[in-house]
Structures are given as structure tokens and as C-alpha cells.
Ligand SMILES: NC(=O)C1=CN([C@@H]2O[C@H](COP(=O)(O)OP(=O)(O)OC[C@H]3O[C@@H](n4cnc5c(N)ncnc54)[C@H](OP(=O)(O)O)[C@@H]3O)[C@@H](O)[C@H]2O)C=CC1
Ligand SMILES: CC(=O)C(=O)O
Ligand SMILES: [Mg+2]
């Protein structure tokens with residue numbers, strides 16, 4: 001990152017007020033009558049109603065539109081385990097995105113805990129306060145057990161964004177990239193660098209979308225995950241293949257797709273050269289991708305290149321998913337975010353890239369046109385159509401798959417956050 005951008009980022013966070021979010025009031029609190037209603041004695045009435053019927057918390061408090069973004073700071077972007085407090089800017093950032101793009105009120109919670117069980121206990125004890133829980137930047141393999149247990153024990157949707165948000169957006173981008181490159185998902189071969197939260201979940205959802213498990217080579221820090229290894233956890237083992245390939249150099253030869261969910265600068269231009277004709281490189285590590293677009297584009301002119309960043313074309317980033325997925329789930333009061341809802345979201349996101357791009361997106365990105373093709377495989381995060389299309393797809397899939405407890409709201413499809 002340039003020195004200018006680094007300083008601008010620090011100033012953005014510090015000035016004029018520290019941080020990126022604050023709380024606003026939704027009711028008047030000026031007169032003594034206002035205070036009698038908001039606080040004592042009036043507040044006792046909703047208290048008694050909720051004590052009789054917990055569902056009334058949705059009627060009398062902010063619960064139904066409130067999502068907690070919770071982290072232990074163990075896998076902050078691609079920066080590693082820098083601890084809970086250091087993760088706060090990212091978690092505040094997720095809350096900012098929830099509010100800006102989907103009108104979801106969100107608060108960040110950073111948990112300092114000595115074990116996965118302590119994290120689970122903490123989250124479980126506060127879960128009822130919220131309409132949903134977005135787990136963020138928790139490293140593998142602990143994240144899998146944490147999410148599984150919390151889903152089992154909480155009655156609200158619990159969703160690990162780095163797993164499922166990333167998977168949904170990756171599938172959306174990949175379906176379009178494959179179409180543009182003239183490849184079939186059932187035949188495409190893929191190298192996945194990384195075997196953590198994001199890599200494992202993306203690979204699983206790509207398999208649900210049609211990719212063949214035997215066409216996937218996954219690598220961790222020790223190299224290719226193959227059936228001869230005896231150091232694999234149960235999640236990595238699902239991707240162990242019978243092969244004599246051992247290194248990224250071996251695996252990348254002739255691959256149609258490289259999916260990077262690992263760390264910075266781990267794929268070389270020479271390795272991109274060795275990929276099949278019309279390759280697809282999703283270098284999704286943040287903030288620094290596995291390869292910078294200028295290096296990859298310099299060695300291949302038949303490439304589709306994408307990163308997780310906002311400053312290059314084709315941003316494959318979970319920001320395109322989690323705000324709208326929670327919007328849809330909250331609005332039909334879904335008890336979970338299931339596979340049907342995830343695939344519906346992926347297809348809705350993918351579909352928008354093929355439609356005419358709204359002028360406000362062109363203006364925001366300073367371009368005259370954005371047309372479906374190698375430089376535009378997926379919509380931009382500021383695309384106002386994401387709100388309506390993705391929340392509707394998710395809410396409808398929740399209804400169809402039996403996890404919704406409310407009907408589709410009358411104001412669907414949403415046109416803007418002002419509708420909420
Ligand atoms: N664009 C997007 O929307 C998103 C991007 N990401 C990015 O994906 C990356 C991983 O995040 P996440 O899955 O949450 O983190 P995890 O800690 O769960 O997983 C990290 C994985 O990367 C592997 N890894 C790290 N360094 C190397 C290396 N040098 N060679 C091979 N593998 C390596 C680790 O290997 P090992 O198992 O051996 O330790 C581990 O499997 C981050 O950079 C993050 O920014 C994540 C979510 C969303
Ligand atoms: C985008 C994101 O969630 C990550 O890089 O961890
Ligand atoms: Mg993350």
C-alpha cells in the first residue's frame with residue numbers, strides 16, 4: 001500500500017471522531033413524557049410483555065434488526081492472529097457495511113477468550129440480545145466447531161462470514177468466470193491455496209454447484225493435501241486426493257482455476273504461465289492478494305483476474321453477500337441460513353452482472369460502462385440492486401426450505417435502505 005493510502009486510512013479511522021459507527025435514537029427523548037415512556041415507569045410495560053412472551057422482544061426492542069459481528073481476532077483478514085482488540089477496525093467495518101448496504105443495525109464484539117469453548121459460552125450467553133450473529137475472522141479449524149455448536153444451541157441465525165459469505169460470492173463470481181472462459185464447472189480443475197475457514201467452505205459450495213471433488217487440489221502450508229498425509233484434521237481430510245503432486249508448482253500445471261484464500265504474494269507469474277488456456281485466478285487474500293493483478297495480467301492475456309480488493313476490477317469479497325443475506329434472513333425471521341439460501345444468494349449475485357449496470361454505479365467507479373465480461377464478472381458492492389435481488393432470493397429460499405417463521409414482507413423486493 002502506498003504511504004499516502006496508509007496515512008489516509010489512519011486519518012479516515014481517527015478523524016473527525018474515532019471509529020466508524022455510532023448509535024442513533026429511533027424515538028423522541030426530549031420531554032418528561034418521552035422519558036416516562038422510554039425509561040421509568042413506561043419501560044416496565046414491554047419488560048413484562050417480554051417476560052411473558054420472549055417473541056415480543058421482536059416487537060418492543062431493536063432485536064429483530066440487530067446483528068452482532070463477533071470475533072476473537074484469530075484470523076484477521078490475511079494478517080493472522082493479532083488478537084481481539086486489533087480486530088475491532090475490521091469488525092466495525094463489517095457493521096458499517098451492514099448498515100450502509102442493507103439497513104441492518106450492527107454492533108461489533110471482540111472476545112478475549114482462552115479456548116473455543118470459552119468463546120462459545122460467551123456468545124451463547126449474549127445471543128438472545130440479537131436477531132442474528134455474524135462470526136468473523138476466527139481461524140480454522142476452531143471456527144468449524146464454534147459455528148456448529150452455536151448453530152445448534154442458538155435460536156437465531158449464526159453465520160461464519162469467512163466461510164459462507166465468501167463461498168457464496170466466490171461461487172457467484174466463478175459461475176460467471178467459467179461461462180466467459182467457455183468452461184464447464186463439472187470439468188474444470190481447481191487449485192485452492194489455503195485450507196482454512198474460507199478455502200474449505202468455498203470448495204464445498206463449489207462442489208454443491210457442480211465441481212467434481214476429484215478435480216480439486218487443495219494446499220496448506222505443507223503443500224498438497226493428499227491421501228498419504230497423516231497430519232490432516234477432519235476438515236482438510238475431506239479434500240485429500242490420491243496424487244503424486246506435492247507443491248503448488250506441481251499442482252498449478254494445466255489448472256483451469258487458482259483460488260487463493262491463504263496469504264500475500266504466494267503465487268508467482270511463472271506459475272500463472274503454467275495454467276491451462278483461458279485460466280481463472282481468484283487471488284482473494286486481503287489486504288494483499290496471492291498475486292497482484294498487474295503481475296498476472298502481464299504474463300497472460302487470456303486470463304480472468306480477480307481479488308478481494310475494491311481497487312481492482314472483479315472484487316470477489318463477502319461484502320457482496322453478508323449484508324443482503326442477513327437482510328433476507330431477518331425479514332422472514334429465519335431460524336437458520338441453510339444451503340438453499342446460500343445457493344439462492346450466489347445465483348442472484350451472479351445474475352446481476354449480466355444485466356444493465358445502473359448509472360450510479362458507473363458514476364461511483366468513474367467509468368462509462370460496465371458490461372459482463374472478463375473485467376466485470378460480478379456486481380460492484382455499491383450496486384443498489386443487490387439489496388432487492390439478494391434479500392428476496394434469500395428470504396424466498398428460507399420460506400421454500402421451511403426455515404422462515406414469517407411471510408415475505410409486503411415491501412419486498414426492497415428498493416433502498418430507506419424502505420426498511
Ligand atoms: N475475499 C474475501 O471475501 C475473503 C478473503 N479471505 C482471505 O482468505 C485468507 C484466509 O482466511 P481464513 O480462511 O479466514 O483464515 P484461516 O486462518 O482459517 O486459514 C488460513 C489458511 O491459509 C493457509 N496458509 C497460510 N499461509 C500459507 C502459505 N504460505 N501456503 C499455503 N497455505 C497457507 C493456512 O495453512 P495451514 O492450515 O497450514 O495453517 C490455512 O489453511 C485471508 O487472507 C483472508 O483475507 C477470507 C475471507 C473472505
Ligand atoms: C473479506 C474478509 O472477510 C476477509 O478477508 O477476512
Ligand atoms: Mg473476514
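Using the three backbone atoms N, Cα and C, a Cβ is placed for every residue, glycine included.
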According to TrEMBL, 136, 137 bind divalent metal cation; so which of 112, 121, 128, 162 is the extra one listed there?
162
Near ligand 3, which of the recorded positions 39, 94, 162, 286, 317 are found, taking a Cβ distance under 6 A to any of its atoms?
162
In sequence order, those recorded positions of 39, 94, 136, 162, 317 whose CB lies under 6 Å from ligand 1:
162, 317
39, 94, 162, 286, 317: which of these recorded positions put a Cβ within less than 6 Å of any ligand 2 atom?
162, 286, 317
For the binding-site residues listed here (286, 317), which one has the lowest count of neighbouring CB atoms within 10 Å of its own CB?
286
Averaged over the whole of the domain 'Malic enzyme NAD-binding' (163-399), what is the pLDDT?
97
If you count the C-beta atoms lying within 10 Å of each candidate's C-beta, which of the binding-site residues 136, 137 ends up with the smallest number?
137
Distance [Cα-Cα, Å, rounded] between residue 162 (divalent metal cation binding site) and residue 286 ((S)-malate binding site):
12
